[in-house]
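The thiamine diphosphate binding site feature in Swiss-Prot is assigned to His74, Gly115, His116, Ala117, Gly147, Ala148, Asn175, Tyr285, Glu368; the stated evidence is sequence analysis. Per Swiss-Prot, the feature Mg(2+) binding site maps to Asp146, Asn175.
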Amino acid sequence: MGRLLDTIDSPADLKKVPVEQLPALCQEIRELIIQTCARNGGHLGSSLGAVEINVALHHVFASPQDKLVWDVGHQAYAHKLLTGRRDAFRTIRTEGGLAGFPERHESAHDAFGVGHASTAISAALGMIEAKRVTGEPGKVVAVVGDGAMTGGVAFEGLNQAGYLGRNLLVVLNDNEMSISPNVGALSEWFSKKFASRTYNRWRRQVKEFLESVPKGPEAIGIIRHGINATKALVTPGILFEGLGFHYVGPVDGHDVKGLVETFQKLAVFDGPVLLHAITTKGKGYHPAESDKATRGHGLSFFDVATGKPVKKSPGAKAYTDLFAEALCEEMEHDPRVVAITAAMLEGTGLIKAKQRFPDRTYDVGIAEQHAVTFAAGLACEGIRPVVAIYSTFLQRAYDQIIHDVALQKLPVTFALDRGGLVGADGKTHQGAFDLAYLRCVPGLVLMAPSDENELRHMLHTSLQHDGPAALRYPRGAGEGVPLEPARVLEIGKGRLVRNVPGKPDVCVVAAGTTLKAALAAAEALAAEGVAVTVVDPRFVKPLDEALICAEAARAKRVVTVEEGCLAGGFGTACLEAFERHGLLEAGLGVRRLGIPDEFITHAEQAKQRAWVGIDAEAIAAACRALVGDRKARGVA
């Protein structure tokens with residue numbers, strides 16, 4: 001007998017499956033997700049924990065007329081399998097394959113594109129309001145999980161949804177985990193309520209009482225009055241009911257039959273409803289369930305039998321690990337240094353700091369705005385905070401960077417992990433914009449290390465600097481250079497790392513880790529008789545205009561390279577400097593290489609760098625074109 005999953009090419013096919021067979025279908029989905037994530041990597045734990053919710057929703061609601069909005073998107077793998085993408089699922093997170101997150105262009109069933117947390121309620125409310133305005137039929141469901149309720153925007157959405165009173169269903173997928181274990185008073189409150197003997201005993205007694213009393217309007221009125229008076233003291237739902245939602249739960253998020261019955265009832269309920277489902281992240285796969293740190297959150301390739309990562313050939317340490325070690329050294333030597341992250345202790349490497357300095361390491365939850373202003377408050381009182389955060393997530397705290405930190409010239413260090421192209425996570429997670437959006441902030445020092453030692457020096461420099469500073473470094477391994485003791489760099493001073501005797505043909509100014517590709521291109525061009533100098537600017541702001549302009553004038557041709565967006569980025573900073581120094585009027589030839597004005601899709605990082613034209617081959621080609629173009633015009 002074939003798999004049930006093989007008979008499902010759309011949600012309409014799923015509706016034909018008897019409810020009694022849904023548990024078997026859920027098991028088939030889990031097996032396929034595990035096998036695929038072992039090969040491709042991905043968000044295993046969240047997707048395994050939400051299988052029954054996915055199946056029950058699609059069994060009851062009619063997508064795409066009914067809109068299912070997934071928060072973050074980590075838990076939507078089963079959704080993809082049930083909406084016509086079963087055969088393509090093996091390609092997820094690979095070049096030319098399915099995206100790792102819901103994307104509107106990929107399927108009509110992906111109602112809203114996601115990748116960052118806490119957006120589902122607001123988006124879903126907008127959709128249900130649009131249906132009211134246009135008269136279009138259909139329900140809207142927001143599935144909020146992975147700790148997204150620790151994000152402030154989720155409560156902003158709840159607040160308006162409760163006020164408007166529309167027929168919005170919010171499913172709270174409560175697995176007590178975000179990427180790392182949930183933190184904060186709200187999470188602690190939920191945990192205590194569910195663990196409370198009083199709470200669980202009260203629920204049992206109420207159920208027994210309801211089954212024993214006579215039915216009738218008068219009896220029901222008395223019961224309702226008693227329950228409402230009591231539940232404010234013992235149920236977690238009072239928080240959501242205070243925001244105008246009807247609260248249902250908590251229910252077993254792995255009882256697919258029970259979920260189907262519940263969704264059928266809630267589909268016809270009038271007004272905003274929040275269904276609280278208790279799930280286990282990594283459900284059905286022991287290695288993920290037993291991983292207390294992340295429950296199989298974002299895994300690379302792993303062995304299905306053991307759950308352990310497939311070991312690659314030994315190589316250099318990842319920049320994330322090097323940063324974490326360097327930060328721990330700084331915290332050991334300076335008690336004023338503290339570390340802050342937004343639900344990313346594991347991802348940013350700060351788990352090492354948390355283990356060694358638990359009282360000086362803060363995980364604030366998915367609350368990037370709060371993280372930055374919290375750091376500002378610490379800095380006001382003489383503390384040296386380091387905010388470690390993925391580049392893509394710092395975008396959420398841009399106003400706080402400007403208003404709360406830079407405007408007050410506070411000594412906050414921003415450590416931006418995943419700066420540049422990130423690979424399989426794709427469009428929503430590319431760190432493409434940080435150089436541009438930070439370069440324009442007055443008084444902020446912006447650094448891009450080219451290797452491990454430069455990262456160590458820049459972190460140390462930022463902690464000695466009496467003002468805001470940021471350093472951004474890429475995903476992946478370093479260059480494998482021998483480590484040096486950290487030292488203070490002179491702010492605003494770059495370095496000439498490759499010189500040539502006499503007059504060079506081209507000067508390449510390569511920001512950050514693009515330096516390696518620039519040096520490789522220079523070596524290849526030397527074999528062709530093209531003399532290339534290479535500058536490591538170190539600082540994107542303040543720029544070493546004296547060095548860069550001198551080398552550009554010397555060569556009369558310059559290529560800038562950055563793993564960031566061209567619009568407003570490092571190359572633009574160089575152009576502005578060339579203009580100020582009159583080099584453009586003097587005929588300086590310039591080529592800027594970087595990420596073009598588009599969102600870069602998922603693939604291996606090396607392929608992405610080739611796509612956008614910042615690998616060694618592309619740099620060499622730009623130099624050849626610049627030399628050939630100017631020689632063709634008779635310019636030396």
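Each residue's number is its place along the chain shown, starting with 1.
Keep in mind that glycine also has a Cβ here, set from the backbone N, Cα and C atoms.
Where Swiss-Prot records a feature, it is marked here on the structure.
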residue: His74; record: thiamine diphosphate binding site; DSSP class: coil
residue: His116; record: thiamine diphosphate binding site; DSSP class: coil
residue: Gly147; record: thiamine diphosphate binding site; DSSP class: coil
residue: Asn175; record: thiamine diphosphate binding site; DSSP class: coil
residue: Glu368; record: thiamine diphosphate binding site; DSSP class: helix
Note = Here the 10 Å Cβ neighbour count for Glu368 (thiamine diphosphate binding site) comes out at 27
Query = For the thiamine diphosphate binding residues given in the record (His74, Gly115, His116, Ala117, Gly147, Ala148, Asn175, Tyr285, Glu368), what is the largest pairwise C-alpha separation in angstrom?
reply = 31
Query = Of these binding-site residues, His74, His116, which scores lowest on Cβ atoms within 10 Å?
reply = His116
